[in-house]
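Below is one structure, written out as structure tokens; comments come after it.
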């Protein structure tokens, strides 16, 4: 058993006291980030990359720390969904549908316990799936040449734009803007500067971390001031946390189904955790005998989307690790992390640096168990942290964003660029233009162009080469379908309305 | 009726044309590949042009834009962030952070005393956290004072 031997090696690396400590810190910080409204896995990880990099962490510890934050944030998102009726992050949206009604009826503790276990089941199964599937996919990925990679990047942009936004033109525009920004700097092949306008700071190109922190974290500041973010107040009572085993056991099938659906949704490029939790919830609702209890505090309606979004978080790591193509905003941020650490994801990662892959998988399994402990018996700690007022929290987050970029680059120019990206993120949000494709464009632009140009070198400038292999054609077809199909499915995929707060929170 | 989508679309069309113009002046070396460094930027600009035209022709419904006092508030926040970006190098971490965090805090919750406390607490607390616990190389106070 190759997999088990590899896993044992992974545990050998991950089970040192130092990495375990990092995993604990990562899980703790991650759960807080997930629980706080307005901070999700993507901006949380984005804020911490520059800081962990400036701390001089090497590849494996940094990876352990930040993937623990990633998983932790996926767990934590449910806490504010259930207690405040405000999703802590976007994938936790579906958890509000039944979680908040449950909490209002006095079952807050049950809702937190069930969703905590569901998160564990989803994340655990997905990590196991990741363990077995990713080496297989890495084998397939060896067959990919530049033409296939180019088609794969197209697929990622098309499905991300198609599924993740309301307007195809705006999603494509966002991707193109990102690609356009990535062109700034020296051209790798010829060594000639492009779009630098004689500005020395732009010779190295726009640092993707500056763009990510700006678009995700600084934009949040403007959005918050504009909407005059109200102080969140916990409107429901949380008694002693007890485990209601019978109720928990009754949701077992919902958890398993949710995990399966979420895992598949996570693997698909462009879909990610939000779609995973959405599909898991809708499946659970439509397969239930008594549909009317959904939205009114059905425990299955809490278990399914939580299992779904955590399974999707694990599944989303597969294309990111094996192909280097992230499927969602958060995995795009994790790709940024790998690139910062000088690790190039792709099939070669599995053969050349197996210790990175397997210690990552081992630490994900460890993180999961830690998170289960933190999120079920110790959940009250996080509930306390939720009561930090926004007038302390938001300036704090802003300053952390600045410190990260400042200690990474040490330049005022990059900080101003970050603020500019923040304004751009706010404006795009206003105009309903998704920002994730911009990030993906900045991250993948150079690789995409590089593959296109290499394909042309191989074919001596014959453009039909891009469609010359069955894999490439399949990817192109999937890209077109992924971009066009959601236009017709939009009516079907309508999200159910959030439960009303009716005086539950004091605004 | 002019909508924000239309204005944005027009701005993006102008930017895309400027991008193409700038791409035309990229120098290629004689050892270039068949495609060269200009084609991909042309393709990207082409996509921007098409999408911007769609936005101009078929704009989404208008959203509420900040007006009056709110616009001023946002301009203030922007000015604070830009000022912070410029001053953190010469003045060190603590003083700009206290001021910037205090102003942002006041913007969210307009009570001066808690805002001032939040600014002070964040300025000093984050400095201790980053400098002494996480070990980042931050300059605490103005360079002139440190000698």
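Quick reminder: no glycine exception, Cβ is built from N, Cα and C everywhere.
A TrEMBL annotation is a machine prediction, not a hand-curated record.
Taken straight from TrEMBL:
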type	residues	note
DOMAIN	A:20-440	domain 'DUF112'
TRANSMEM	A:20-39	transmembrane segment
TRANSMEM	A:46-71	transmembrane segment
TRANSMEM	A:111-133	transmembrane segment
TRANSMEM	A:140-163	transmembrane segment
TRANSMEM	A:169-186	transmembrane segment
TRANSMEM	A:206-225	transmembrane segment
TRANSMEM	A:260-281	transmembrane segment
TRANSMEM	A:323-344	transmembrane segment
TRANSMEM	A:356-379	transmembrane segment
TRANSMEM	A:391-409	transmembrane segment
TRANSMEM	A:415-444	transmembrane segment
TRANSMEM	A:465-489	transmembrane segment
Whether the transmembrane segment (A:260-281) meets the transmembrane segment (A:323-344): three or more C-beta pairs under 8 angstroms: yes
Let me know the model's mean pLDDT on the domain 'DUF112' (A:20-440). 85
With a cut-off of 8 Å between Cβ atoms, can you find at least three pairs linking the transmembrane segment (A:465-489) to the transmembrane segment (A:140-163)? Only pairs 6 or more residues apart in sequence count. yes
Contact call for the transmembrane segment (A:356-379) and the transmembrane segment (A:169-186): at least 3 Cβ pairs under 8 Å, seq gap 6+: no
